[in-house]
């Protein structure tokens, strides 16, 4: 009280101003006040990707209902705000500095134009790193039309920058499901333009073209798929005899799986959780569902921050890896009441059910790091007895009748690309792999049958070599006798296709 009075006297403020701060005041603080102070709007714009690309949750009009054109007069695009193009261009230029592999590939192949006359439908995340890939494909001779594979992950200013230079792009952050399919349809169907290649992330472009434009699908020379979800779809189609074109599974290529998937997730899971919840990691109990490369990256990063990490797994090999790396392997139901954070990384559906969420502790954070938005049963939360409260961009509080609350991020969609940014360098590895896969399928008609293939090992090694100079790394060369002893070419490939890195 003496301190409060002294401060009042110095600042010439009435003492009553500090009445609520008095140490002698034992009046209980109301629950509503606690919630208001804990979840204030002060940091709702904590440099999330949504903020720096100029999107918001309350938009006056859908971009598909707005009329826009770029400085050349073209209106063959649909983005949030074409006026943000200059900002997006700076984002792309920054990404180029951290993407040595794809930039080197662009420089080396630009003159040969290996994708001349290729007409590519792209359905991926639309961010600065993807923009570098898109512009590389164009410089290699391709004509492209592009949409987003995720309704939240588009960086609006980057999409505007692409539209400004004439790329037909249909994407913005915060699309509805109906707008998502409208955008993809606009990419596939254009008068006077018919696609002959697909670059997919999740299989949606392949699915829509096969269902709605089967005649177009007959002209497709190849599909490149980079997600676990999309790869599962391709293998199912192949098994059922419905895959009538060759496809390359980029997701399981070494340079995608062991680099982009693992290292990207190791960095971005922490970034996502910090930006959205301001969580302190030390001492928190976290369960990671799935111990593939995504789960491995997440678990390692969280343990490094002092979290107690549990793993759930269906695969005994992955479970044994987790156990021998020092993690507790559990069933989700065994720890669900105690954990502070639940992260899904399986590619499956209904990994976290309504029953699990009913038993979670107050304040538990729930998010998904897998591509598929079905891992968390979000639809089961849209019931009358539960209250949804939007507290930040992509952050919802789901409140139970008894006052218990859980924190759901990105409505169960891919949290790192919806709520944070990803490292350009590791995306360079994946982008180089995608570009080479497109070139391989397009330039070698007849080499591949209607099936799903992995990228040739030699190309995986080439992608890795494009990035070594960044670290001033110098490869050892085999002598003639060493190469003969191993039965290898001195130029590689150095491992058999069955080798597991």
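Cβ coordinates are placed from backbone N, Cα and C, and glycine is handled just like the others.
Unlike curated entries, TrEMBL annotations are predicted automatically.
Here is what TrEMBL says about this protein:
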- 292, 293, 294, 295, 296, 297, 313, 416: NAD(+) binding site (BINDING)
- 261-422: domain 'S-adenosyl-L-homocysteine hydrolase NAD binding' (DOMAIN)
- 53-75: region 'Disordered' (REGION)
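Shown here: features listed in TrEMBL, placed on the structure.
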residue: 292; record: NAD(+) binding site; Cβ neighbours (10 Å): 20
residue: 293; record: NAD(+) binding site; Cβ neighbours (10 Å): 23
residue: 294; record: NAD(+) binding site; Cβ neighbours (10 Å): 27
residue: 295; record: NAD(+) binding site; Cβ neighbours (10 Å): 28
residue: 296; record: NAD(+) binding site; Cβ neighbours (10 Å): 24
residue: 297; record: NAD(+) binding site; Cβ neighbours (10 Å): 22
residue: 313; record: NAD(+) binding site; Cβ neighbours (10 Å): 23
residue: 416; record: NAD(+) binding site; Cβ neighbours (10 Å): 27
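Here the domain 'S-adenosyl-L-homocysteine hydrolase NAD binding' (261-422) has a mean pLDDT of 95 out of 100.
For the binding site of NAD(+), formed by 292, 293, 294, 295, 296, 297, 313, 416 according to the record, the largest Cα to Cα distance is 22 Å, rounded to a whole number.
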